[in-house]
Amino acid sequence: MAVLVFLDHESGIIRQASRSAVTAARALGEVHALVTGDASVAEAAARIDGVAKVLRAAGAAAAHELAEPLAAVIADLAPAYSHIVAASGASGKNVLPRAAALLDVQPIPDVVSIVDADTFVRPIYAGSALATVKSSDAKKVLTVRASSFDPAPAEGGAAPIEQVTVPEGPALSEFVSIALSQSERPELESARVIVSGGRGMQNEENFKLLNPLADRLGAAIGASRAAVDAGFVPNDYQVGQTGKIVAPELYIAVGISGAIQHLAGMKDSKIIVAINKDPEAPIFQVADYGLVGDLFDILPQVEAALDKAG
Amino acid sequence: MKVLVPVKRVIDFNIKPRVKADGTGVETAGVKMSMNPFDEIAVEEAVRLKEKGIATEVVAVSVGVQQAQDTLRTAMAMGADRAILVLTDVAVEPLGVAKILKALVAKESPDLVLLGKQAIDDDMNATGQMLAGLLGWAQGTFASKIEIADGKATVTREIDGGLETLTLALPAIVTADLRLNEPRYASLPNIMKARKKPLETIAPADLGVDVTPRLTIVSVAEPPARQQGIKVESAADLVARLRNEAKVI
């Protein structure tokens with residue numbers, strides 16, 4: 001049986017995390033991709049390497065990836081599939097559990113490793129433990145951690161596109177508006193380098209001191225929950241258990257103490273740098289390179305050292 | 001308007017969980033337990049709706065062991081009017097919890113079910129969405145703002161790229177994200193008062209719900225530890241090491 005992968009998109013661009021879901025799904029069978037939105041989204045899905053067929057749920061009911069119509073579409077398509085997969089982003093986590101309920105299936109979220117068709121590894125307790133679980137459901141519904149699977153190449157496929165009907169139902173929820181953070185920087189989940197700030201940045205104005213370093217390294221900017229809660233940056237900057245889970249080549253934590261829920265979101269990064277004035281801060285326990293001192297002194301020194309090194 | 005608020009008893013968020021030596025799970029014996037932080041936010045929001053005169057009654061529900069009574073008392077000390085404990089020693093999965101809640105919704109007829117977006121033990125992030133699916137109700141997940149007016153809920157949601165606003169036809173399911181509110185501490189007089197509030201205990205079988213788990217835990221293990229790193233002396237040293245040793249810049 002084939003595997004159905006729901007690919008979410010933002011402003012018409014399929015998220016890189018969804019291409020990681022394609023990679024995970026290929027381990028389970030032939031991949032059919034479900035998309036919403038304009039024809040261009042379906043065309044982009046058709047070009048992803050490893051996608052054998054694209055199903056496009058078009059029309060107003062499926063726009064904005066609303067959970068109610070989308071879960072109904074997935075439940076309608078489900079009989080032809082052994083597994084239903086999505087990336088563990090806000091959209092997949094919104095839609096897939098609802099679809100699972102319609103199918104009387106217990107979903108398996110945040111899969112980091114596929115053992116076999118029924119058995120999966122997922123973190124629990126904010127990544128303090130890894131649980132291997134075996135599902136007895138006839139069909140499996142899973143979301144996968146993008147940081148654990150390489151994204152499938154965006155080009156290389158030429159899959160046929162079919163339209164699917166969105167079942168008629170009462171309009172339960174209605175889209176009002178969306179406010180996306182504007183940024184020229186790479187997305188957090190796909191950035192090679194991330195510079196993240198915490199409570200130690202002190203305020204919104206100071207948080208901007210991370211910009212020159214991020215510019216210099218072509219990095220995305222992230223934040224700890226404390227920095228988001230304090231209003232230094234918007235919610236979508238948050239890295240951690242309940243924010244984004246990232247695993248870049250280089251993660252630079254500036255003024256972040258390293259609460260367990262933050263570590264849960266970044267401890268799989270290849271190289272971790274911590275800059276903090278408290279030598280006892282837990283962030284140093286996961287850091288490959290720690291620099292103890294006042295971040296307001298150190299940031300300009302790092303930039304100067306980078307300039308000098310060329 | 002009646003609001004139902006499901007709450008879960010979990011290992012206190014300040015405690016670092018320890019994996020059991022036999023790899024069957026996480027040690028909970030003798031460990032401090034508290035209300036799941038996201039559920040506290042849901043309780044707070046429900047109580048605020050009542051204080052604003054929008055909600056008329058707030059009913060807290062928990063599915064779990066006898067000690068989950070304490071969690072329900074906490075919810076009542078925060079301002080919930082009464083509580084229902086669905087008593088079971090089985091670790092009920094989100095699908096089972098959603099089925100139990102569906103049966104309670106049929107009994108209680110709430111206009112709104114407010115839940116935490118996820119429990120910090122199994123990190124499933126599923127119960128609210130599954131309940132919405134089983135009931136065929138609208139869902140507003142990961143809410144950072146809720147407004148109720150004219151028979152509708154307007155919910156601002158935390159999504160990957162920013163914020164999204166939806167209107168939901170009531171009755172509806174809303175799951176609380178971190179920034180919805182800051183939960184209050186229960187005052188001593190309110191804790192005393194909560195002891196006298198009604199707490200009903202029922203069994204899943206009374207509701208005709210089968211909560212047999214669908215997932216078997218094969219093993220629970222510690223994640224691989226990171227190798228202890230080093231402290232560098234200067235920014236120049238850091239940049240040199242990132243360049244020459246780690247080769248990441």
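Keep in mind that glycine also has a Cβ here, set from the backbone N, Cα and C atoms.
Heads up, TrEMBL stuff is auto-annotated, nobody curated it.
As given in TrEMBL:
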type    : residues                                            : note
BINDING : A:ARG199, A:224-225, A:238-242, A:255-262, A:ASN276 : FAD binding site
DOMAIN  : A:3-179                                             : domain 'Electron transfer flavoprotein alpha/beta-subunit N-terminal'
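Here the features listed in TrEMBL are placed on the structure.
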residue: A:ARG199; record: FAD binding site; CB count, 10 Å: 17
residue: A:GLN238; record: FAD binding site; CB count, 10 Å: 27
residue: A:GLN241; record: FAD binding site; CB count, 10 Å: 22
residue: A:ILE256; record: FAD binding site; CB count, 10 Å: 32
residue: A:ALA259; record: FAD binding site; CB count, 10 Å: 20
residue: A:HIS262; record: FAD binding site; CB count, 10 Å: 29
Proximity to chain B among binding-site residues A:GLN241, A:ALA259, A:HIS262, where any Cβ pair is under 8 Å: A:GLN241
Averaged pLDDT, computed only over the residues in the domain 'Electron transfer flavoprotein alpha/beta-subunit N-terminal' (A:3-179): 95
